[in-house]
Amino acid sequence: MANEHLTVDPDEDNVPLMKSPVVRVKSFPKESPSLADDQGGNPNLEILGWRESDDDHPEFEKHAEATNIEVFYDLFFAAILCVFAEVQDVTNLQQLNSFIAYFVLLWLGSWALLGLFDVRFITDSIFERSIRAVHFGVMVGFAVVAPTWSLYENKSQTYRTLSLILMASRLAMASQYGSIMWHIRRFKKTRLPMGMMVALNLVSAIIYLGVAFAFKDGTDSKLYAIWFIMVGLETLITIVLSLKFQVLSFSGTHIVSRMSLLSYIFMGEGIITVLSAVTKVVINHNSWTSATIGNVAAGISNLYLIYMIYFDWRRNLRMPLYRELLWSFLHFPFHLFLKLFILGSSQFVIWWKVIETYLSTNKMFMTALKAGDEPGFNVTTSWFVSTINGTLNEVFQLYRPKYDVTPQSISDGLALLMEIPDDFWATVQDVPEEEFLNNETVSHIINALAELLTAMQNSLFATFNVNGYSAFEGSDEVFKNAAELEERVWELNWGKFKLVFTYAYVAAGLTLITMNLLYIVSRNGGWTPFNYVRKGLNFLIGVGLCLVTLITLNTEQVLQLWGTPWPLPILVITLFVVLILNHLPQPPPIFFNGANTKRLGGDKRKKQKTGWGVVRQMGFRTGAAPAEKDTGHPGAGSAHPQEGYQAPAPGYQQQDSLVVSEQQRQYEQQYLQQQQQQQQQIYSQQQPQYQEVDIAGYPERQQYHQGYQQHHQQQQGQGYGQAPYQQGY
């Protein structure tokens, strides 16, 4: 029964109740001699990956890419951050610190710890799907507390809720590690490490539960610091145990792919954030101006450039385990800086629209003020006030005021303009230019127009959720009039813009620096002086972006910059320069002749003292290289010529821009001849050796052979006798 198979783990269409992550053999032939044990009885499952010995370690199923449930969970994670950005704009220092704290708890305290489990032990079963539903509920809980989350206000109810959410997450992970412990219970060496992971999550759950009861209403408790300590310890212990015990190792997992996938999702979610800001400021077709279009294009281009730089720097990742873990957890600061950079970019779009509206309105005010310069046109106070009021109404029809104080401020400003006597407009042209601003009536007009512009600007900011008014809601502070309140709100709003400008540029620089570190950690090939220079320039550009924020120390210069649409395009230009810099080809070897180059990819380190060695490391191909001694290193004279230098393709003309001496050409020809000889020797050694078999000892085969010869001779006689060419003879 040659076709009988022993089924160990049959495939079924239905989802199992529980599924083991241990690799199992689907089927194998019973009579295969390679699977039989020494007694010829039961099959030897060890060669197929199944381990029945209590002293061995199980072999878990590995995934090359993230599974569907992992991708869906990552999308859930990105959506929660998007919700937080919507309900709390990061426009002041307290909100910035609260956002960083929220991100730490969400990324390290929830996503990362579950992701570390998934890349090693994830399966698809009813049990795992049920536990995943709990983790989705944890994410929903983070979204529920997002509107009221703050580190600077007494939010006892919010703190209790979040602490219970963290407790539920740890209980779910304890059950997941417990299920794995059950599946591999036959392996004695795995009981301790897996039991430690179960205990870690249970202890964490108990601590989070105790912290939840410690938050009391009416008290300003800082016990939430325990969350961040616990999250850091949990992550550290998980990594240390994975390096200590084989059963918890990340070797062969898809952790690199998982981190890259989340980066990809972050960039895609950033597009949504920027476009969401666009929908706030672009109300109708008149809202589209050349500067607005440029800022929207710059916001999208920033993310596209980061996408190209990041994925260009992570090609063909092959790293040792320690560097793989370092590369993976460098994504925590990378994702944080990237998210802040995205939030800042979206805010730049909003701020420019406010500034653009302010500049256009101010221009129309100045046009109305100079209307009396036209000959034959008589300006009156009523006409001037009506023109100013109509200009403001056009703005408020697009962006309705959010607070009642705005109409009051506009009415007060217009009332000041109504105090201007009509005869002033006939004499305003006679006022000397050097005395114009010192004129009492002119100063009165300018102050009134400034109050109107300030009220309009504050209203626009509040419409776009940059709300300086919120700082005075419920406040006991008393203001003399609406103009004084507007002045205080205006100062707060521009203080927020200063913060947004600062953290956006700092986050952009740190994002570039972190991506550069990711590339350095993951690089396996040889480093040339040009590589060092290029990576050094990347660091300097990143530091330069951070230092741009020093311009805020000079009020006059920073106001000049903020009055232009350039803050966002400057970031685009910088990232584009980085992209071009890192795609420049390596210079010709003449610039590196005699340079020492380290090869970090192999077991040996070899110093190349000739230009040809450097060229081969860079992937430069112009012909054959000079012959080298057989050192065992892939290259000239190596025992494996296919791993070394590649010969030029047929028809290749060796007349190129490099000036090669006649002696070098002779070396190249000798090298090609040596390569061909080695290939012929290897080919001859690999040829199968045929041996004649004496069929005399096999009667059945001998009889078959004689019958075949007789049949073959008859076919030859009949076929060749009828051939046309034989008749001619």
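For all residues, glycine too, the Cβ spot is worked out from N, Cα and C.
A TrEMBL annotation is a machine prediction, not a hand-curated record.
So that you can see what the record holds, here are the features copied from TrEMBL:
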type     : residues : note
COMPBIAS : 678-691  : compositional bias 'Low complexity'
COMPBIAS : 704-729  : compositional bias 'Low complexity'
REGION   : 624-650  : region 'Disordered'
REGION   : 678-729  : region 'Disordered'
TRANSMEM : 99-121   : transmembrane segment
TRANSMEM : 133-152  : transmembrane segment
TRANSMEM : 164-184  : transmembrane segment
TRANSMEM : 196-215  : transmembrane segment
TRANSMEM : 221-241  : transmembrane segment
TRANSMEM : 261-283  : transmembrane segment
TRANSMEM : 295-313  : transmembrane segment
TRANSMEM : 325-352  : transmembrane segment
TRANSMEM : 500-520  : transmembrane segment
TRANSMEM : 532-554  : transmembrane segment
TRANSMEM : 566-584  : transmembrane segment
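Panel annotation: around the transmembrane segment (566-584), residues 294-295, 298-299, 301-302, 305-306, 308-309, 312-313, 345, 348-349, 352, 501, 504-505, 508, 512, 534, 537-538, 541, 544-545, 548 of the same chain, lying at least six beyond its termini, place a Cβ under 8 Å from a Cβ of the stretch.
A contact links the transmembrane segment (295-313) to the transmembrane segment (500-520), because at least 3 Cβ pairs that are 6 or more residues apart lie under 8 A. Residues 101, 104-105, 108-109, 112-113, 116, 151, 156, 159, 162-163, 166, 193, 196-197, 200, 204, 207-208, 211, 214-215, 248, 325, 329 of the same chain lie 6 or more positions beyond the ends of the transmembrane segment (221-241) yet place their CB under 8 Å from a CB of it. Counting Cβ pairs under 8 Å to the transmembrane segment (325-352), the top-ranked stretch among 99-121, 133-152, 261-283 is 261-283. Two recorded stretches are said to be in contact when at least 3 C-beta pairs lie under 8 angstroms, sequence spacing 6 or more; the transmembrane segment (133-152) and the transmembrane segment (99-121) meet this definition.
Residues 498, 501-502, 505-506, 508-513, 516, 519-520, 561, 570-571, 574, 577-578, 581-582, 584 of the same chain lie 6 or more positions beyond the ends of the transmembrane segment (532-554) yet place their CB under 8 Å from a CB of it.
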